[in-house]
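Here is the structure we will look at, set down as structure tokens.
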């Protein structure tokens with residue numbers, strides 16, 4: 001069995017002050033993601049998906065419990081350590097791309113490496129390699145405003161990958177894409193996972209995107225509600241997901 | 001209903017409005033302060049050294065009005081940028097377009113009127129405060145100056161009411177023209193980046209050519225006079241704007257093109273931000289540069305005039321102190337002075353003339369300054385070199401006596417202050433010992449000295465000068481207004497310089513305050529668009545300290561460019577005064593330090609406010 005890349009133990013997140021209206025966004029959640037796994041997190045709005053992602057991505061802190069990423073306990077780290085940790089160990093893909101529109105595609109992708117102090121000689125081959133992998137070599141000199149949404153998300157993916165992080169966190173990456181681009185992007189992500197051993201945690205409420213995962217955890221009201229694994233084709237898995245979602249509403 | 005909404009949202013974002021209000025208020029206060037001087041002809045004409053001062057103020061009013069119009073449009077567009085998202089939301093909820101436009105109009109106008117009220121009040125206060133501070137510093141009565149000047153208030157009110165009506169209409173039209181979606185997504189606009197090589201070269205060429213013409217006009221102002229002032233004002237203004245439009249974006253682009261620099265740390269982002277700023281701020285940077293040039297120029301000229309007083313007064317005399325027939329009180333005062341060199345010369349006074357003892361003069365030949373109207377520097381003191389072989393000399397040659405050789409007359413009349421003021425129409429003679437003893441009359445002596453710090457000794461010299469006036473009265477029969485001593489020259493020059501110095505200080509400080517707030521505004525008004533960028537950087541793991549550093553650097557460069565160009569303008573521009581001020585660059589570090597201080601405060605304030613907007617608070 002492979003090593004865990006993410007271990008979440010007894011994670012609890014409360015919003016609001018004591019003695020006031022408190023809201024339990026996450027209620028003692030525990031799970032593990034192994035190296036090379038592609039895991040989806042699904043759930044209805046307000047279930048705690050975003051909170052979970054924010055806490056795991058160190059943008060928000062946990063009220064209780066521990067999170068270990070690549071063997072490091074992040075729950076006790078200071079602000080600066082967290083920032084360094086994010087820049088070295090995590091890659092992000094957001095729904096609205098979050099590219100810097102005043103930088104070229106090349107500069108956007110190179111940014112995580114520049115921030116780690118990699119010399120510009122070494123940056124170039126790395127950027128080119130990852131751009132090739134995502135099929136965006138031809139647009140490296142362009143500015144984000146001149147490329148399509150699908151291309152933007154590939155640039156965001158390239159930026160998330162370029163520094164070879166321990167894990168990629170994707171937050172509704174297909175949310176702003178049309179179905180054709182969404183499909184193409186998910187195939188690329190799946191390819192990264194299957195052929196390049198990238199560990200991925202995907203948060204989505206789109207069943208089709210989720211069907212590319214190997215395993216899906218459903219959360220509701222801050223608790224892990226159900227977990228399903230892909231055993232056969234993606235189409236079958238898609239149907240399984242739809243069935244689980246039907247249970248929520250039922 | 002909409003108005004209620006609008007007021008409640010204004011209350012909510014009170015801090016942002018405070019920034020806006022602050023900027024508008026400063027602009028109004030300064031405009032008013034300028035008008036208190038510009039419209040007060042009595043004050044200008046009776047206090048300025050430059051006869052064309054009224055003309056200078058007309059040019060000044062024009063430039064200030066132009067700058068103010070720019071400024072107010074920027075400031076109110078800042079307001080639009082704050083509000084348009086909300087306006088879009090009202091429209092999605094079904095508010096009619098003309099209602100929303102109307103609301104925008106009244107909001108802009110309302111803010112304008114409030115700032116007008118506060119601005120004029122502050123303007124009066126500032127004018128009073130700055131005026132009395134400088135008047136006290138300069139020991140200057142400033143007759144005719146009034147901080148509360150009705151016609152200036154009227155002008156300010158009319159000017160701003162028109163201006164605010166216009167900007168309110170523009171804001172309303174802008175809101176009305178945009179679609180709901182454009183308003184809702186106003187904060188997601190993208191920046192176009194575009195610099196063409198050929199256009200840049202032409203632009204740079206014209207910029208340099210125009211500035212060169214302007215500099216030439218300023219350096220040769222003694223020949224070009226008023227035409228030169230107008231020429232320089234036009235060419236330098238246009239040239240400056242051109243530099244910011246063509247050269248600077250090109251320069252930053254080149255800087256960004258250096259890969260090893262660009263790909264180091266957060267540099268790619270910092271430089272991209274900087275390029276975006278420079279592209280968007282061309283006009284603002286040009287305006288700020290001109291304001292720096294005007295403000296710092298006025299301040300430097302003021303201070304230069306101030307230091308010129310002492311220079312001008314030592315233009316003719318080497319001796320700082322000259323005392324005829326010193327009394328006991330005079331002796332006591334002299335003992336307390338820090339004397340570097342002192343001499344005494346004996347003489348006798350008769351009805352027709354003043355007779356000096358030749359031997360005293362030859363033993364210690366006085367140092368004289370030979371005045372040459374061609375040379376602008378203070379002449380170096382030289383001791384009188386010509387010998388005195390004859391027994392007697394007179395100023396005017398006659399049958400009995402030879403004329404005094406060159407230099408001796410200046411030495412006695414100026415350095416020993418044997419002037420008309422002291423001795424009336426008496427002639428000056430030099431006699432040798434034998435002849436001197438034959439003259440019947442009491443032997444007197446004149447004491448001369450050079451001292452270490454002339455300005456420090458002024459109160460003491462004043463007392464001595466009073467005594468000298470008494471002596472002059474006893475010689476001529478009436479008390480003269482001035483004794484012709486270095487001290488009395490100093491007082492006289494100071495009297496007619498003070499008005500000019502005061503105007504320089506007053507306007508300098510006012511312009512400098514306005515200049516930096518223009519830049520501060522424009523930067524802060526675009527800060528909202530940057531929130532997302534900094535948020536993203538934070539997410540991908542950029543340390544807060546690195547982001548802060550990036551902001552400091554970026555804004556430093558934005559502040560730096562106008563400062564440098566403005567400073568060069570001032571350094572060259574001071575040439576304009578070289579025909580009226582001796583050595584106009586003396587102690588230029590003082591106005592430059594004042595400028596750097598004010599500018600520095602604005603820089604730090606801008607960074608802090610910008611940080612507050614774009615970087616979320618530390619948890």
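Cβ from N, Cα, C; glycine included.
When the ranges B:477-500, B:501-524 are checked against TrEMBL, the one recorded as transmembrane segment is B:501-524. In TrEMBL, the transmembrane segment annotation falls on B:55-82 of the listed ranges B:55-82, B:307-334. The stretches the transmembrane segment (B:147-176) and the transmembrane segment (B:197-218) are not in mutual contact, being linked by fewer than three Cβ pairs under 8 Å (pairs 6 or more apart in sequence). Sequence-distant residue pairs (6 or more apart) of the transmembrane segment (B:197-218) and the transmembrane segment (B:103-127) include fewer than 3 whose Cβ atoms are under 8 Å, leaving the two stretches without contact.
Within the same chain, the transmembrane segment (B:224-252) stays apart from the transmembrane segment (B:588-605): fewer than three Cβ pairs sit under 8 Å, each pair at least 6 residues apart.
Taking DSSP states H, G and I as helix and E and B as strand, the domain 'ABC3 transporter permease C-terminal' (B:61-179) has 102 helix, 0 strand, 17 coil. The average pLDDT computed for the domain 'ABC3 transporter permease C-terminal' (B:61-179) is 82. Using the rule of three or more Cβ pairs under 8 Å, pairs at least 6 apart in sequence, the transmembrane segment (B:588-605) is not in contact with the transmembrane segment (B:103-127).
If one looks beyond the transmembrane segment (B:103-127) by at least 6 residues along the same chain, the residues whose Cβ comes under 8 Å of a Cβ in the stretch are 2-3, 6, 10, 17, 20-21, 24-33, 36, 76, 79-80, 83, 87, 147-148, 153, 156-157, 160-161, 163-165, 167-169, 171-172, 174-175, 510.
Listed as Cβ neighbours of the transmembrane segment (B:555-582) (distance under 8 Å, sequence separation of 6 or more from its ends, same chain) are residues 49-50, 215, 218-219, 221-222, 228-229, 232, 236, 240, 243-244, 248, 274, 277-278, 281, 285-286, 288-293, 296-297, 300-301, 304-305, 308, 311-312, 315, 376-378, 519, 523, 588, 592, 595, 599, 602-603, 606-607, 610. Counted over residue pairs 6 or more apart, the CB atoms of the transmembrane segment (B:284-306) and the transmembrane segment (B:17-35) come under 8 Å in fewer than three pairs, which marks the two as apart.
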